[in-house]
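*Asks:* First, the structure itself, so that you have it in front of you.
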């Protein structure tokens with residue numbers, strides 16, 4: 001990968017000049033000037049997904065200049081480096097190969113001279129055998145009863161991904177009830193344990209090192225709770241499995257290492273749902289549906305790695321994002337799924353994007369003088385319409401939005417889905433084209449209102465429009481299409497990081513807080529006043545101690 005400051009390229013300078021020409025052009029004008037705009041600025045993927053990016057403040061010239069930037073930053077070389085197993089995560093000296101986990105073609109992928117695919121397939125086969133035993137009821141708990149509940153204990157990538165996918169694929173779930181515990185706040189594990197029976201519960205402890213503070217604290221609390229009923233520690237092996245690489249610690253915990261499912265250093269946490277971390281997904285929807293999820297992601301991987309940049313969906317979305325973030329000064333992007341099953345999708349890619357590209361140092365170790373990752377947020381429609389859409393429509397901040405919806409619902413109740421989709425279509429139209437003062441005034445006249453009253457109301461009912469959106473319309477949310485959609489966003493994030501000359505696959509920003517927490521923890525064990533920190537931290541700790549006493 002080339003380590004080039006993008007702002008020093010001729011393409012960036014050309015984009016800056018182009019922005020000066022485009023900043024006052026409206027989306028309405030762009031549509032008025034081109035009757036074929038939708039056809040030119042939309043694309044389909046496998047007849048399963050339509051991506052419409054026509055309601056953006058872009059022209060063909062904009063995209064051409066953004067493509068020039070991608071070429072000068074050697075995006076094609078970066079893609080090749082990732083897929084070939086090069087150690088592009090240089091700060092940790094690791095390859096980045098979540099694509100290998102879903103490599104359904106089984107073509108060799110080499111890391112350190114070794115094809116990783118046999119090991120990937122071996123773990124998949126092991127998960128298949130284990131999950132079939134649990135789902136079928138063949139696996140028995142310590143009293144001879146079949147498993148009814150599964151509790152996944154993890155945090156970050158070991159929680160967000162599996163939780164998001166099991167919720168998104170809830171129409172495909174079997175009889176097992178899934179629970180997810182992540183927060184070290186004891187309330188989280190306590191509330192879950194109230195719902196389950198130790199005789200019929202399986203705990204999955206998801207920690208690569210088996211030392212993650214939050215996960216192991218919750219795991220030990222779950223173990224203590226279990227043993228209060230089960231008594232004998234040998235029963236732990238029937239009710240706990242591990243997603244880890246630390247066989248010694250797993251065995252010491254009481255888990256049979258035959259029920260330890262491994263993954264590798266080249267699997268980043270926020271890209272790990274495709275690995276053994278996805279065991280909870282398999283237990284929820286079955287192995288065949290998990291393979292479909294992998295297959296959908298693999299199909300998007302092939303699209304990303306082989307399709308020319310001009311028609312490459314992850315690249316196009318990434319470039320449009322850079323355009324807004326760096327030239328228009330947009331600081332956030334909203335992800336708005338119009339599907340209740342997808343209610344954790346925005347939260348998942350909040351981590352996926354912000355932990356990946358929330359960096360202020362470039363690949364040369366220098367502080368950047370441009371914008372890197374945006375703030376990602378969002379909620380399902382139509383809930384968001386009655387919450388924060390006001391600011392998107394009439395606020396002073398530009399918030400580019402991704403609207404996501406399935407054409408076919410899993411729950412065709414009455415006319416619910418038509419009403420949902422009517423809002424989906426209406427919102428992007430309203431954001432793009434707005435409502436002029438003239439239209440508002442005419443509406444008041446048509447209603448017979450007193451013209452003298454117009455000035456008191458009209459300004460507040462005007463919508464400027466010109467708010468950019470992408471619309472992603474899926475035929476239906478299935479394991480395959482969900483896999484493709486997740487991979488689309490993953491590759492968008494990678495593309496932006498490659499072009500912006502940052503390391504996307506490390507996350508050193510999470511370390512300092514953990515280090516300080518480990519120093520503070522012993523200080524909370526007594527009632528002595530603390531004076532070893534700044535006055536604010538001392539004051540907070542001392543008030544905590546006073547109140548808990």
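Heads up, the Cβ atoms here are built off N, Cα and C, so glycines get one too.
What Swiss-Prot shows for this protein is this:
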type     : residues : note
ACT_SITE : 355      : active site, proton donor
ACT_SITE : 386      : active site
ACT_SITE : 514      : active site
*Asks:* Under a criterion of Cβ-Cβ distance under 8 Å and sequence separation of at least 6, what residues of the same chain contact the residue listed as 'active site, proton donor'?
*Replies:* 156, 270, 507, 509, 510
*Asks:* Would you count the other C-beta atoms found within 10 angstroms of the C-beta of residue 386 (active site) for me?
*Replies:* 9
*Asks:* If one looks at the chain holding residue 514 (active site), which residues at least 6 apart in sequence have a CB under 8 angstroms from its CB?
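*Replies:* Set apart from residue 514 (active site) by at least 6 residues yet with Cβ under 8 Å, we have 213.
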